[in-house]
Amino acid sequence: MAHQAHAYHMVDPSPWPLTGAVAALLMTSGLAIWMHFHTMTLMSLGLLLLLLTMYQWWRDIIREGTFQGHHTPPVQKGLRYGMILFITSEVFFFLGFFWAFYHSSLAPTPELGGCWPPTGITTLNPFEVPLLNTAVLLASGVTVTWAHHSIMEGQRKQAIQSLTLTILLGFYFTALQAMEYYEAPFTIADGVYGSTFFVATGFHGLHVIIGSTFLAVCLLRQAQYHFTSDHHFGFEAAAWYWHFVDVVWLFLYISIYWWGS
Amino acid sequence: MAAFGRFSQMLLRSSLTQTRRQLAAAAGHGGDSAKTWKILTFVIALPGVAVCMLNTFLKEKEHSHDAPPEFVPYTHLRIRTKRFPWGDGNKTLFHNSHVNALPDGYEGHDYTCLVWDGKDRRILFLILCP
């Protein structure tokens, strides 16, 4: 009889770490090829492999945790540490772009006109769409908290409603930002103002899309009875990530949109 | 005015966190906190979004008739050190010809350009640039 005498999860052999690494290689080299030789094949192949890897790896984790019972309390604790460490690494990622922004804007060079915003840049009004975006993300933080409490109290219908509302708010933010990007009177090629603005807000937008997708997966899982009132770490991880995305936006709004205008 | 809406939303959130803790303490294990957050959603969060939507809509209407900013061929803007890997290589990913000028001006506009001799500090000639 094969019983383990410990509460930890000795994971079965899996090909997904390897396919993930290969995907990373193809995407990065593919990006370089696209930039210099104008063909997207390698990069697209890498992207496809990445999507397949993510789908299958996370599907396997859900099977191990939800259906096979491998996610005991110590295992869950490890997953919590993992998510916290990952989010911390993302905080440092954004810190870099804020550093770039403050470096350029606190001491604007003569080439820019010695001022910030630089000469010739028409900034966005922080009290129009950016303010709406702030309200949308703050509201989504309230709705995701409603969802969490609903799950903890075993309120299935409310959990589904509040989670759906959160995701819709996330989509609304993305749509508003896409419209702002199209209507902006400045571009990424407009010196260091354009670079810092679009790289910082662009990576933030990508994280909103990732966060919305994570929440959407949680919605599908909630609908399929995966979560119990005591054990729903996948949802908690998604909610932590979503709050992180909200906080990054607040810093972006204060620094780039408001102070930087 | 709209900023007030956002500030009050943020202030209320922090004082409401205290209220939530009190409620949770009173109810033992916070047995009906979902209701609290549901109320917060429909009374504060979503109306806050609605107010900001109205504000945005009104402000957009106010200056939907504005012309795009005047084109000045600054060298620190519209940088093109390398072709973009799409299209003609000259337009950014979210290029909007109504509000984004290319390095030599807005598309479809004609400009009178003066050619300046920096060494002798004089205008050499005026030309029409499409």
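Positions of Cβ are set from backbone N, Cα and C atoms, glycine also.
Annotated features in TrEMBL:
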| type | residues | note |
| --- | --- | --- |
| DOMAIN | A:4-261 | domain 'Heme-copper oxidase subunit III family profile' |
| TRANSMEM | A:16-34 | transmembrane segment |
| TRANSMEM | A:40-58 | transmembrane segment |
| TRANSMEM | A:79-102 | transmembrane segment |
| TRANSMEM | A:129-147 | transmembrane segment |
| TRANSMEM | A:159-177 | transmembrane segment |
| TRANSMEM | A:197-220 | transmembrane segment |
| TRANSMEM | A:240-260 | transmembrane segment |
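At the 8 Å Cβ cutoff, the transmembrane segment (A:79-102) and the transmembrane segment (A:197-220) share at least 3 close pairs (sequence separation 6 or more) and count as touching.
With a cut-off of 8 Å between Cβ atoms, the residues of this chain six or more beyond the transmembrane segment (A:240-260) that come close are 83-84, 87, 90-91, 94, 98, 101-102, 105, 116-117, 123-124, 126, 130, 133-134, 137-138, 140-141, 144, 166, 170, 196-197, 200-201, 204, 207-208, 210-211, 214-215.
Residues of the same chain lying 6 or more positions beyond the ends of the transmembrane segment (A:159-177) and with a Cβ under 8 Å from any Cβ of it are 129, 132-133, 136-137, 139-140, 143-144, 146-147, 150-151, 201, 205, 208-209, 211-212, 215-216, 218-219, 222-223, 227, 242. For the transmembrane segment (A:129-147), same-chain residues at least 6 beyond its ends with a Cβ under 8 Å from one of its own Cβ atoms are 158-159, 162-163, 165-166, 169-170, 172-173, 176-177, 179-180, 215, 235, 239, 242-243, 245-246, 249-250, 253, 257-258. Residues of the same chain lying 6 or more positions beyond the ends of the transmembrane segment (A:40-58) and with a Cβ under 8 Å from any Cβ of it are 14, 16-17, 19-20, 22-31, 33-34, 217.
Nonlocal intrachain contacts for the transmembrane segment (A:16-34), taken as residues 6+ away from its ends with a CB within less than 8 angstroms of a stretch CB, comprise 40-47, 49-50, 52-54, 56-57, 60. Per-residue confidence over the domain 'Heme-copper oxidase subunit III family profile' (A:4-261) averages out at a pLDDT of 97.
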